[in-house]
Amino acid sequence: MTIYNFSAGPAVLPKPVLEKAQTEFLDYNHSGMSVMELSHRSKDFDDIIKDAEKLLRDLMAIPDNYRVMFLQGGASLQFSMLPLNLAQGRKAYYVVAGSWGKKAYAEAVKLSKTIPFEPILLASSEETTYDHIPEIDSAKIDKDAAYVHITTNNTIEGTSIYDLPETHGVPIVADMSSNILAVRYNVADFGLIYAGAQKNIGPAGVTIVIVREDLLNDEPVLSSMLDYRIQAEAGSLYNTPPTYGIYIAKLVFEWLKELGGVDEMEKINREKSGLLYDFIEQSDFYTSPVKSPKDRSVANIPFVTPSQDLDAKFVKEADALGFKNIKGHRSVGGMRASLYNAFPRQGVLDLIDFMKKFEAENK
């Protein structure tokens, strides 16, 4: 039985990457050691992390005036690290179009009770259960603000921001955890990008931060571990980094480059997601909670049947047939097909075949 992993993260990894990691697991580069055993100060690991950064720069066309960091703590730590480094004494705007954007804003509000800055809710679609991307009134943005924070892909609700808001020069900061390397964004349009690795980059434990150099604070009053400048100047080696996760990320970057890069990956992702969206649209049994096609994610596709009982039956039968982790997030319900970069097109076709069969038997 073929297993298809629809998990929203940690998620499916490319089979060639896993196979290469397997062959190198006990003896990396004739060192007699596993990558997990390499000193982070060794030449072997120095080559790994430098190659990983170069590959990521090439894939995303990252300009030279941006620094790339491989950090720890997940994207959730960035909810605090970001305002601590960039926003002290200033305003910071937040667009809340999903659960993770809400958490980022809530963390900023919490921090503002002890750190002098003003988090402001610029736009939200919470009233309609995040079923769309809210309209953003750029006239409300103070030109002296520290940043405007967005989440480019809402993993739970299945919406995405593809067209960036006009911010009149105020840096856009993006949580890009679930669609980094899946669709093309112009890095120069952002002041800072951060992303947890466990969707499109590798195993959980690595967080990518890409920041424009002029935004690095000269004298932030905060812990060295939370200081972007210290981490950047140390080459992500201020303390022991997640070495094996960075190694897997490098292999994923190599795989993506060989595939044709981000532009080719976006074509593949739009085709995969389009197959499923088209089927849902043509069905009167399944429904997408995201009404506007322009807001729909290519990475995370939620859908429901006519009842919660049928949803539960669908998940149970799908799981038995090898469609794993397709249950929707507990806050939304229904089902969610996470079609990250490594998810195969055949898995989408097989899912649609099952959906047709389930509909015929339960309509």
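In case you wondered, yes, glycine gets a Cβ from its N, Cα and C as well.
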Completion exercise
Among T128, T155, T159, the candidate listed by Swiss-Prot alongside A75, S76, W100, D175, Q198, N239, T240 for pyridoxal 5'-phosphate is T155
Handout entry: Cβ neighbour count within 10 Å of T240 (pyridoxal 5'-phosphate binding site)
Key = 10
Practice task
Return the residue, from the listed recorded positions R41, K199, with the maximum count of other C-beta atoms within 10 angstroms of its C-beta.
Solution key: K199
Practice task
Compute the C-alpha separation of R41 (L-glutamate binding site) from Q198 (pyridoxal 5'-phosphate binding site), stating it in Å without decimals.
Solution key: 25
Practice task
Between the Cα atoms of A75 (pyridoxal 5'-phosphate binding site) and K199 (N6-(pyridoxal phosphate)lysine), find the distance and write it as a whole number of Å.
Solution key: 12
Exercise for the section: Kindly assign R41 (L-glutamate binding site) to one of the three DSSP-derived states: helix, strand or coil. Expected result: coil
Exercise for the section: Could you check what DSSP calls N239 (pyridoxal 5'-phosphate binding site) once collapsed to helix, strand or coil? Expected result: coil
